[in-house]
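Asker: The structure follows.
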Ligand SMILES: NC(=O)c1ccc[n+]([C@@H]2O[C@H](COP(=O)([O-])OP(=O)(O)OC[C@H]3O[C@@H](n4cnc5c(N)ncnc54)[C@H](O)[C@@H]3O)[C@@H](O)[C@H]2O)c1
Ligand SMILES: O=C(O)C[C@H](O)C(=O)O
Ligand SMILES: [Mg+2]
């Protein structure tokens, strides 16, 4: 008898199971798909776009053909290179086997990548939970989702790629972008971070794999600025790559051609900008990690027409200014003494030139904002690039670096000449500040740091700002042990504080544009400003500088802890909103019109910003048929 009831139970379970399987059209198809023996008969699907990519039954990942991508609204949602099934499996196996290899050979940083994988899987499964984890543990996990690990992720993106995130616009999509942009499922997008992968951190051209940096930056937009994650869009513009290793790798996910250049390149970026602004007229576009050659040109081309900024040029500049002002205060002097600082900058790319321009303008403003002040401020800087000290004698200096080329007679008097090396420059100039944005790890060698000992400052400042960690111009240990305990130290990627062994701690600041770009984006969004003006960027930098107390800067703490990044971002965003109102650029946001915004007090602006920051909480969900 008991055997019989067991059989009945098993039978009804089977019926229930079959009913469930056949109750959904997709499930019906699935069964059909597996039971048919009739070769390649097409399978009818009732899904499109991301729903297909997120459905393990139908997803083919990078193996969707171009015609299928068009039929199923998948164009732009996958990296451009179509892979065969064999290639897909090979890519997966290479990644899987790497684990064994790492166990054998000793990996460079196995735990960081393992943590990234775990977090990434959570990101794919449950965004609310992901951001709750990230916000609550930002100090611990920013170095995983952002610099330095994000650099390693981009370098290994081919193997790590599982589920696509964001959009890919490629040179092969010319003429299609205006319609492709509608393949993105969100009705509203507030923030786009776009890269062309040409200079990812200090790691060079990583082609399509650079998408990782756009994803990492947007993670901070959500975690720090409270931008709703449903309204962010990471974008990779694939115009090819000049990285020979990737060009020769059959498993590379991007276009295997050399980078477009000149008018052809501009035409692709123009088309992308028109497409995204035509679908989302109020979106803000952050340009990230474009090689310097294009970073400046594109900024000039778009900044008066579109809501956009370049993080490497403008975000970095603001963060550096805040730090440089902190370094002046740390000497027990007033910020107004900044124009007296002698500053040696190693690196004249997008970041270095961005910092130089902003520092020169800040000095000029402090000196009365006249043309003469602007002109004389230039003599506070010595710029050293790959060819050494830049002087007016140099042929073919980049347009952007020309204003900082030293007069030959002037440097000759100092015992220097065109192309003088960094040690010579530091030795002769005895600068207050040595700032590196060169992408050359270890550039501040023992000799350079020894030369810094003769700095005329009571507290010499050393900013080794290149990323990721291995590209830092020096470590804090080197700076404190060679130059002295009094040094003010900042690095682009995080380092631990240094135990100086006498009960004192050498503080390591993280001088990274992460302290500003989230607030610049949020402030622009909430003010509804049409463009991002110099004044708004300056307000952001000044807000960050003022965030630190006298006591902190005196201890050598010139940037806040990343644990308070949400609070800093709120203050920075409020400063940006205020400036946009003052410059009459604010047009309001959603129900908040410009006039009402204009009547707000300082505290009310901060409150308004805070109220509009998204926090990760599960909403109650209700089903409704459309
Ligand atoms: N901390 C931050 O917030 C932050 C922000 C932006 C960029 N960065 C970092 O700055 C670095 C540079 O970025 P970029 O966009 O300006 O790059 P880039 O490639 O445009 O510029 C690099 C510059 O360094 C110079 N250089 C190369 N070798 C040198 C040497 N031996 N001595 C002196 N100068 C040398 C080059 O001539 C060039 O001018 C990257 O590592 C990037 O990660 C950091
Ligand atoms: O990405 C960063 O950590 C900072 C900066 O934008 C960079 O390019 O290095
Ligand atoms: Mg960058």
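Placed from the backbone N, Cα and C atoms, the Cβ positions cover glycine too.
Residues or ranges marked as domain 'Malic enzyme N-terminal' by TrEMBL: 123-303. Per TrEMBL, active site, proton donor is recorded for 146. According to TrEMBL, the feature (S)-malate binding site maps to 199, 467, 512. Taken from TrEMBL, the feature active site, proton acceptor covers 217. What TrEMBL lists as divalent metal cation binding site is 288, 289, 312. Look at TrEMBL and you will find 313-581 tagged as domain 'Malic enzyme NAD-binding'.
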Asker: Within 10 Å of residue 288 (divalent metal cation binding site) by C-alpha distance: pick out those among the recorded positions 146, 199, 467, 512, and say none if nothing qualifies.
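Answerer: If one measures from the Cα of residue 288 (divalent metal cation binding site), the recorded positions that come within 10 Å are 199.
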Asker: Using only C-alpha positions, which one of 146, 199, 217 is spatially nearest residue 289 (divalent metal cation binding site)? These are the recorded positions in the record.
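Answerer: Out of the listed candidates, the nearest Cα belongs to 199.
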Asker: For a Cβ distance below 6 Å to any atom of ligand 3, name the recorded positions from 146, 199, 217, 289, 467, 512 that qualify, or say none.
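Answerer: The ones that qualify, in sequence order, are 289.
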Asker: Other than its own, how many Cβ atoms are within 10 Å of the Cβ belonging to residue 217 (active site, proton acceptor)?
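Answerer: 29, counting other Cβ atoms within 10 Å of residue 217 (active site, proton acceptor).
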Asker: Have a look at the binding-site residues (288, 312, 467) and report the one with the fewest Cβ neighbours inside 10 Å.
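Answerer: Relative to the other binding-site residues in 288, 312, 467, 467 has the fewest Cβ atoms within 10 Å.
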Asker: Looking at Cβ-Cβ distances, which residues of the chain lie under 8 angstroms from residue 199 ((S)-malate binding site) while being 6 or more apart from it?
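Answerer: Listed in sequence order: 205, 289, 290, 291, 292, 349, 350.
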Asker: If you count Cβ atoms within 10 Å of the Cβ of residue 289 (divalent metal cation binding site), leaving out that atom itself, what do you get?
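Answerer: Excluding its own Cβ, the number within 10 Å is 25.
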Asker: Are any of the recorded positions 199, 217, 289, 312, 467, 512 near ligand 2, with a Cβ under 6 Å from it, and if so which?
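Answerer: So the answer is 289, 312, 467, 512.
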Asker: Do you know which of the recorded positions 199, 217, 288 end up with C-beta under 6 Å from ligand 1?
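Answerer: What lies within reach of ligand 1, judged by Cβ under 6 Å, is 199.
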Asker: Tell me which residues of the chain lie with their Cβ under 8 angstroms from that of the residue listed as 'active site, proton donor', as long as they are six or more apart in sequence?
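Answerer: Result: 216, 217, 219, 220, 514.
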Asker: Would you list, in sequence order, the residues of this chain other than 288, 289, 312 that have their CB within 8 A of the centroid of the site's CB atoms, where the site is the one recorded for divalent metal cation?
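Answerer: So the extra residues in range turn out to be 195, 199, 200, 213, 287, 290, 295, 310, 311, 350.
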Asker: Can you tell me the CA-to-CA distance separating residue 467 ((S)-malate binding site) and residue 312 (divalent metal cation binding site), as a whole number of Å?
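Answerer: Cα of residue 467 ((S)-malate binding site) to Cα of residue 312 (divalent metal cation binding site) measures 12 Å after rounding.
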